[in-house]
C-alpha cells in the first residue's frame, strides 16, 4: 500500500484529491500548518484572474455598455416596427385613394377633384420618405443582430480570460471550501510534532482556573465556559460566543449543586465533567437541564492533593476528550503514584479500560490526549516542552522533545480540543490557545 507522509506544510508525496480539467484546478492533500490550520495544495490555472484584473474590469465595462446598447436598440426596434406598420397602412390607403380618384374622375366636380388632387400631390413626397424609413428599419434590425453577436463573442472572451462575476466567483470559493473540508476530513489523526506560539485570548480571573468549548458541538455552536479557581467553586459562566467571552458580555451563570476540585474539567456533548471536591467522584452536569445526570466514584483514584500535578491545586483528577472519546487521567496507590489513563463511558461514567503509563504524576506539569495518545509536559518549568508520550493503542511509550512557549510562567490547565485541533490553557490568569501540528500517514484511496 502506497502511503504519503506529511508534516507541517511539507509534502513528501502527492495525492490528487480533486481535479477539474475544464477549469485547470488540481487539489492535493497536505498536513496542518504551524498555525494549526489544515493546508491543501491547490494548483490553479496558468491564466490567473489576478494578473488580468485591469483588462477584466475593462471587459466587464464594455459588456455592460454593449448590453445597454442592445437593450436600447430592442426598444427602438419595437417602436419602429409599430410606426412602420402604421406608415405602411397609410401608404396602402394613399394608393387606394389615388386609384379611386382616377376612377371617379368624371363623377365629381372639377373644383372638388382639383382639391383632392392637390392634397394627393402634397402627400406624394412621403413615398420616398417611407422607402428611406423602411431601409432604416432594415439597418436597425441588422445592427441589432450584430450587437447580439458581439455580446456573445465578449461573453466567450470573458469566460476564456477568467473574468468571472461575483456570483460565479462566490460559487467557486464555496466549491473550494468544500474540497478543503474533505481534505481536512481525510487527514484525521496524527502524531504531535509541533506546538505554535501562544495566542492570548483574554486576561481574566485568578491565577488558577479553566475555560473550554464543547468538543462535540456543531461548528455553529461557539459557546465558551469559564470556571475561575481550583477548589470549592460552583459558579460556571457560559458565554454565547468566543467574541462575547473576549468582551465579557452575553453570558449566563450555572450554579453547580456540588463544588469542584482542580482545573481538569471538560465539556463534552452538552455536559460538564468534573471532580467533586474532597472526593474521587466524577460528576456529569447537563447544562440545558441544569441538573446532574450521573455521578460515580473512580475506583482507587487519589484526591484532595494526594496525587496532583507538580503545581498542586487539587489536580488529582484530569478529564480529557479527544477524537475517540472521554478519558480520565489520575493516580492510585496501587499504581504507586504513576499516571493511570482510563477510557470512560460518557453515559454511565464506568471505566471501559485502563492503562498504567509508568510515569510519576507528581513529575508532570500537565497532560493532554490526542488520538488516543497521552502527552505529558513539564509546563511547570521555564523551558516548557512535551517530553513524554504514552500510546494506548500499543500500550507503549516514548520520550519526545516538542518545545512550546510558557509565556506567563504558570500553566494550571492544559487541554486539547479535537474539534478545533488546539490546546486550551489557563496561564497565570490568562486564557491562551496553542495550535498544534500533527504528523499524518495517509493511505491513498484505491490502494490495497
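Placement of Cβ uses the backbone N, Cα and C atoms for every residue, glycine included.
What Swiss-Prot records for this protein:
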type: SIGNAL; residues: 1-14; note: signal peptide
type: COILED; residues: 52-79; note: coiled coil
type: CARBOHYD; residues: 68; note: N-linked glycosylation site
type: COILED; residues: 130-187; note: coiled coil
type: CARBOHYD; residues: 149; note: N-linked glycosylation site
type: DOMAIN; residues: 188-440; note: domain 'Olfactomedin-like'
type: DISULFID; residues: 189-371; note: disulfide bond
type: CARBOHYD; residues: 269; note: N-linked glycosylation site
type: CARBOHYD; residues: 304; note: N-linked glycosylation site
type: CARBOHYD; residues: 393; note: N-linked glycosylation site
type: CARBOHYD; residues: 435; note: N-linked glycosylation site
Count of other CB atoms lying within 10 Å of the CB belonging to residue 371 (disulfide bond): 18
Between residue 149 (N-linked glycosylation site) and residue 435 (N-linked glycosylation site): CA-CA distance (Å): 55
Glycosylation sites (149, 269, 304, 393, 435), the one with most neighbouring Cβ atoms at 10 Å: 435
Residue among recorded positions 304, 371, 393 with Cα closest to the Cα of residue 269 (N-linked glycosylation site): 371
Spatial neighbours, same chain, of residue 189 (disulfide bond) - Cβ under 8 Å, 6+ residues apart: 323, 370, 371, 372, 438, 440
Alpha-carbon spacing, residue 393 (N-linked glycosylation site) to residue 304 (N-linked glycosylation site), which is rounded to whole Å: 31
Cα distance (Å, whole number) from residue 304 (N-linked glycosylation site) to residue 149 (N-linked glycosylation site): 84
Mean of pLDDT values spanning the coiled coil (52-79): 66
Structural state of residue 393 (N-linked glycosylation site), classified by DSSP into three states: coil
Assigned conformation of residue 149 (N-linked glycosylation site) - DSSP reduced to three states: helix
